[in-house]
Every structure is written in structure tokens, then in C-alpha cells.
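Chemist: Per Swiss-Prot, the features are:
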- 1-43: topological domain 'Cytoplasmic' (TOPO_DOM)
- 44-61: transmembrane segment (TRANSMEM)
- 62-67: topological domain 'Lumenal' (TOPO_DOM)
- 68-87: transmembrane segment (TRANSMEM)
- 88-93: topological domain 'Cytoplasmic' (TOPO_DOM)
- 94-110: transmembrane segment (TRANSMEM)
- 111-116: topological domain 'Lumenal' (TOPO_DOM)
- 117-133: transmembrane segment (TRANSMEM)
- 134-161: topological domain 'Cytoplasmic' (TOPO_DOM)
């Protein structure tokens, strides 16, 4: 039985060698490979098989680290994109709350200024109607006396209440 296995193994190896030869021939007859082999880089690699093997091994072994690096770059970019979106949302929220506070403050300030303006209008119109009433003519001296009396009257009211 030991003598029967070697002819079978040798036939299998010959078949494998023939298939690899056909594969190599079809590979070398490919138009893109022919164009590459006619280029200066292809001619250099054809004349220097050790360099060709070294480059082939380097490219093969560097595929996994380059793949991991590209994966990390993509994941970091996605993380940065999400971080920028979250940061943008945070900035918009903080600015929105700041704007709300400023607008509320301006609303209260406008209410206070409107109240002061309305009270000033009422006081000035009452004083104008009192000073310049058609029923009694006032002189400058009488107006000053009336203002002083009004001031004393309001001070006495403050003391009473």
C-alpha cells in the first residue's frame, strides 16, 4: 500500500503543477498585467526578484495594520462628528437660554421704563393743568410758592403715613 500512495501523490502534484501553470499563464496574458510589466516599475521588479518578493511581503503584511488604522480613523471621525453635533447642540442650548434670560430682562426693564414714563406723564400733565389752569392766572412767584407748598405737603404726608 505504501508503494501505491506515491504514484497517486505524484499524479496529484503534477495535476496541481499543471493548474498553477495555466493560472500563471492566464495571469501573465492579462492585458493589465502586460501593460504593468512594460512600465518602468514592472521592468525593475522583473529584473530584481528579491525586491519584488520584499515588496509583495510588505504589502501583504501591512494590509492588516493599515486596515485597523483606517477603521480607527473612520470611528474617530464618526465620534468627532457626533461630538461636534453634541457640542453644537450644547452651544445652541446655552445660547438659547442666554437669549431667553436677556429677553426676559429686557421685558422687565421695558415694563419698568413704561411705568416710569406713564407716571411721569401723569405727574407732568397734572402739574401742567394745575399751574396753567384758566380759572386762575399764575405768576412765576405764585408757581414757585405752589411747588414749595406741594413739596411740604408730600413730606408731611410721608411723616404721617
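Backbone N, Cα and C define each Cβ position, glycine as well.
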Chemist: Would you report the average pLDDT that the model assigns to the topological domain 'Lumenal' (111-116)?
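Modeler: 84, rounded to a whole number.
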Chemist: Using DSSP, what's the helix, strand and coil tally for the topological domain 'Cytoplasmic' (88-93)?
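Modeler: Output for the topological domain 'Cytoplasmic' (88-93) reads 6 helix, 0 strand, 0 coil.
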Chemist: Counting by DSSP, what is the helix, strand and coil composition of the topological domain 'Cytoplasmic' (1-43)?
Modeler: 36 helix, 0 strand, 7 coil
